[in-house]
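Step one of this worksheet: look at the structure below.
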Amino acid sequence: MENSEGVKIESTVVTEEPLISALDIALFVVIITVAYFWYFKRDKQSSSSEKKPYTIQPSSLSSIEQTSNSSFIKKLKSTGRSLVVFYGSQTGTAEEFAGRIAKEGARYKMKGMVADPEECDMADLVEMKEIQKSLAIFCIATYGEGDPTDNAMDFYEWLQNGDADLEGLNYAVFGLGNKTYEHYNEIAFYIDQRLEELGATRVHEIGLGDDDANIEDDFVSWKEKLWESVCSHYGIEETGEESNIRQYKLVDCSEVLPERIFSGEISRLKSYENQRFPFDVKNPYLSKIAVNRELHKSGDRSCMHIEFDIDGSKMRYDTGDHVAVYPKNSSELVDKIGELLNADLDAVFSLLNTDEESSKKHPFPCPCTYRTALTYYLDITSNPRTHIMKELIEYASDPKDQEKLKLMASSTPEGKKEFHEWILRDNRNIVHILEDLPSVKPDLDHLCELLPRLQCRYYSISSSPKVYPKSIHITAVLVNYTTPTNRVNKGVATNLLAQLIPTNDELPQPTIPIYIRRSQFRLPPKSQTPIIMIGPGTGLAPFRGFIQERDYARKEGREIGEMVLYFGCRKKDEDFIYENELQEYVANGTLTKLHLAFSRDQPEKKYVTHLLEQNADELWNIIGEKSGHLYVCGDARSMAKDVHSIIVKVVMEKGQMTNSQALNYVKKMEQQKRYSADVWS
């Protein structure tokens, strides 16, 4: 338009007519006015969109509901509450514990609410003192190498970098960790100490939950003492009222249109039909299974090599990262629950939070069918916690069943013993409980409220993006075992993966939702740096990617450092996975040395730890004299601990150091990322 207007002006100059007519001026004013309003309206909308907190709700909500106020103080004040329980949760356990504490607050005249620190302005903690008899409780998990959970990261950094005056804030902390890991409950310890440094008052000593033992017992014991301290601190008494108040109410959704019903999506309706980048924990990518082959040569166990197709997804990964796989429960177990409770699994329902102020409107994506909830959203294979036993009591019609549930729900020594033996030792899940206590018939909607969310499973990626940019490889052992009650329990994810076998090109390929989780388990920046890799069994997985990446560099003509691999399995002829690949890397010089331990190929057990002890000179040469890197992947409970002890011993002997000096040396290696562990318990 401006160009045609320019031509017009040139024409009027030639004919010596007025340059701009009244009509031109009027049109120009109209155009400028329209452009002005259009531009600033668009800019305002864009700015508003950028500043609006990003929260994913599991169902379609009004814009007012979606833009929830991040000030938890305002919510506390407006609803007459004095207790807020924050959670830092990676798997859902901390969130569950937070909900139980907030619920119990009513017994102590403290109306509570649960809050996600990621969705709150944590600077508002300075205003907690304005609320009479207020209390902030933090249920905080530590994962990885002493890292905060994703949703607690901002709060953790705020504590690190800020110097807020928290005088008048009353608090307590419960940590969720695992003693098999070096950085046991590190984040909980830090938050507990940092809050005190900033002037807050600790109402009760920190609680430490150990997931390697019995974290439920740890939590219940701490919680009971917590309320004793709370009563003493505030001068209040327990009301004695202990009723099972429902957090969610049942909504009949039989009239909801089919296109508005969730069918397994994690958060966004129809997200698997309309995939949108970027892909993450709330928006996984529906990946095709490109390859699924058996790695074991014989024997009664199975180890799968699986390749996920990510071509066209824009997903990128680095060597050493993890891939999260979203499983689903077996239809056999789901149908069994419907049968035991005489329920219509195809009925469409929703669970709506009775607390209108809560940012969490539903426990999982709603509306959906009971079958969908039990298949995709709820964990029906793990051992239920004691609070579920407590909630099931009212549904038991047989006095014997009722008494058994009451005992297991109690915190008495007898109750803890019974819970440990009948639930944990015998490995009963909710299906087994309903089978073995036949008079217990809970309402299915209440059961759906009680059961924890089904969590994704993480696997070390066993490929390098330099070699396989369009696929992600994993190495997974099929989990099947017989319980003391002669039931066969099956791993939720691995048994699903075992069924996803690619077909010929004419048929649709099987798919599964995945996303990539970043890791600190990385190769040295310089390809010349020598490395030692210790990975028995499927601990080999990330090292397969490491070796691929170094082999790629070698083929490009770059110099690569020594690569020494320690690998162990039961029998060479049964479970020596990737044998041909590894031997080829040895032959072409990429893999400098391959130390093998086959534990059951001789009368005396032989493990990689035995080989490490025998090769002390080689270890010290690389990690001591050449400042190389050492990596460990596999079992945290015994193998990783044994390796750590051996490394300290080698440093003492070969480096001529005292025990404390050797420990400090290894600690420094860890701080410099020269000693890295990717382990699990």
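Going from the start of the chain as shown, residues are counted 1 onward.
Each residue, glycine too, has its Cβ placed from N, Cα and C.
What TrEMBL lists as transmembrane segment is 20-39.
Under DSSP, the residues of the domain 'Flavodoxin-like' (83-227) split into helix, strand and coil as follows: 65 helix, 35 strand, 45 coil. If you look up TrEMBL, you'll see 83-227 marked as domain 'Flavodoxin-like'.
Every protein chain considered, the tally of other Cβ atoms within 10 Å of the Cβ of Gly92 (FMN binding site) stands at 15. What TrEMBL records for 89-94, 141-144, 176-185, Asp211 is FMN binding site.
The annotation domain 'FAD-binding FR-type' is assigned in TrEMBL to 282-524.
Taken from TrEMBL, the feature NADP(+) binding site covers Arg301, Thr538, Ser599, Arg600, Lys605, Lys606, Tyr607, Val608, Thr609, Asp642.
The FAD binding site feature in TrEMBL is assigned to Arg457, Tyr458, Tyr459, Ser460, Thr475, Ala476, Val477, Tyr481, Gly491, Val492, Ala493, Thr494, Trp680. Neighbour density for Trp680 (FAD binding site): within 10 A of its CB lie 16 other CB atoms from the protein chains shown.
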Largest tally of Cβ atoms lying within 10 Å of a Cβ, found at which of the binding-site residues Arg301, Arg457, Lys605: Arg457
To the nearest whole angstrom, state the Cα distance for the pair Ala141 (FMN binding site) and Trp680 (FAD binding site). 16
Integer Å distance between the CA atoms belonging to Trp680 (FAD binding site) and Tyr181 (FMN binding site): 8
Proximal residue to Thr475 (FAD binding site) among binding-site residues Gly144, Asn178, Arg301, Lys605, Tyr607 (C-alpha distance): Arg301
What is the nearest of the binding-site residues Ser89, Gly92, Tyr184, Ser599, Thr609 to Arg457 (FAD binding site), using the Cα of each? Gly92
Could you give the mean pLDDT over the domain 'Flavodoxin-like' (83-227), rounded to a whole number? 93
Around the Cβ of Tyr459 (FAD binding site), other Cβ atoms within 10 Å, all chains included, total 24
